[in-house]
Amino acid sequence: MFVDSVEIIIASGKGGPGMVSFRREKFVIKGGPDGGDGGDGGDVYFEVDNNTDTLASFRGTKHHKAKNGAPGGTRNCTGKKGEDKIIIVPPGTQVFADGALWLDLITPKERVLALKGGKGGLGNAHFKSATKQQPTYAQKGLEGVEKCVRLELKLIADIGLVGFPNAGKSTLISTISNAKPKIAHYEFTTLVPNLGVVSVDEKSGFLMADIPGIIEGASEGKGLGISFLKHIERTKVLAFVLDASRLDLGIKEQYKRLRLELEKFSPALANKPFGVLLNKCDVAEDIDTMTKDFCTFLNLKVQKLEAFDLEPYLGFLHPKLMGNFEKDLNEKSALFILPLSAVSALNTHALKFVLLEALP
C-alpha cells in the first residue's frame, strides 16, 4: 500500500559534556587542567534516494534521532562527534514544519541539513586564569533540537490515470504494470494512490500512478478531494480513463466533468499533455461509432489503427507519436484516443507502446 503522508519526530544529538581533569605526570606536583571539550551532537539530514518511491518505510518508526556527542577526554582530547542521522526519502518528498512547507526534496542524491547537533561543552582547560589555576568546572553540552514534521509525497509518475470511481483505473494499472491494487465493483476501492512500473521491453518502461476516483466537487475537497488531486500535479502525461459502458453518463460528459475539476484545481494541471482511454469497450454498445463521435467532439479525425494490433482498431494517434513530427507536447489536442478493455486485456499490450511514445 502506498503511504503518501506521515508524521515523524526528528531530533539532533546532544553535545557531550566537557571534561574536568588535570595533568598527572611524574615530578609534576600540581599539573594544570587538561580536560577536553565534549563532542558535538549528531546532525539530522534528509537524503533523496531514487531507489525508493514511497513513504511506507516510516510506518511504525516515528522517532528519528541522531547520536549524542561523547564526553571530552583527558589530555585535552575532544570527544567524538555524535553519529549523524540520515533520513532516506523518495524524490518529490515535501517536509512541513509548523504547518508550513520547510523543505522540498526533488533531486536524487541530494542531502539537506535539517537539524544541527548540540555544541559540545568546553573542558576545564578553557577556564584556567591567573586567579584560578585549577578550575574544577566544565561546561555541559548543549541540548539537541527536536522537531515534529510531516512528510508528504507528491507522486512523480510519468503517466497519471484520471477518472471517475469504478472507471477501471485500478484494473488497468494491475493489468499492464507490477502494481496490485485492491479491486472491487464499488466506488472508492482505491483509497490511496498506487504506483506501478510498466515494462515495455528489456530497456524501456515508465511509472504509472492510479489515484482515487475523482467526483464532481473534488477540487473543493469533496469525496477524497484535493488530497489526491495533488498527486498528479507532477506527472508528465495525463490519461483520462472513461467508462464506455455507462448508460447514465456518456463518455463526452465524463470527459467534460473531469476536465472541469482539473481546471478548477489547477490550470497548469489541466494544460498537461493528455490522452483518452475508452475502457470497457468489450461491453459497450457500438464502440466504433462511440469512438468516431468522441474524436469529432475533440475536433480530431478518427483513424484506422490495424497496424498497431488494435482490436477494435478505430481510434486516434497524434502524428508525433508515429514519428512524423518532433515531439512538441505543448499543443492542446489529445495525443491518443484508444478503446480498450482492462479486464479482457484488449489493446493493453499496444497501450504500453503508445504511452511510452507519448512521454516527452
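From the backbone N, Cα and C atoms, a Cβ is placed for every residue, glycine too.
Annotated features, as they stand in Swiss-Prot:
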- 1-156: domain 'Obg' (DOMAIN)
- 157-360: domain 'OBG-type G' (DOMAIN)
- 163-170, 188-192, 210-213, 279-282, 341-343: GTP binding site (BINDING)
- Ser170, Thr190: Mg(2+) binding site (BINDING)
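Sequence features annotated in Swiss-Prot and their locations in the structure.
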residue: Gly163; record: GTP binding site; CB count, 10 Å: 23
residue: Asn166; record: GTP binding site; CB count, 10 Å: 19
residue: Lys169; record: GTP binding site; CB count, 10 Å: 30
residue: Ser170; record: Mg(2+) binding site; CB count, 10 Å: 25
residue: Lys280; record: GTP binding site; CB count, 10 Å: 23
residue: Ser341; record: GTP binding site; CB count, 10 Å: 24
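Ser170 (Mg(2+) binding site) is 10 Å away from Gly163 (GTP binding site) when you measure Cα to Cα. When secondary structure is read from DSSP and collapsed to three states, Ser341 (GTP binding site) falls in the strand class. Secondary structure at Ser170 (Mg(2+) binding site), taken from DSSP and collapsed to helix, strand or coil, is helix. Put simply, Ser170 (Mg(2+) binding site) is 13 Å from Lys280 (GTP binding site) when counted between their Cα atoms. Counting in whole angstrom, Ser170 (Mg(2+) binding site) lies 12 from Ser341 (GTP binding site) by their C-alpha atoms.
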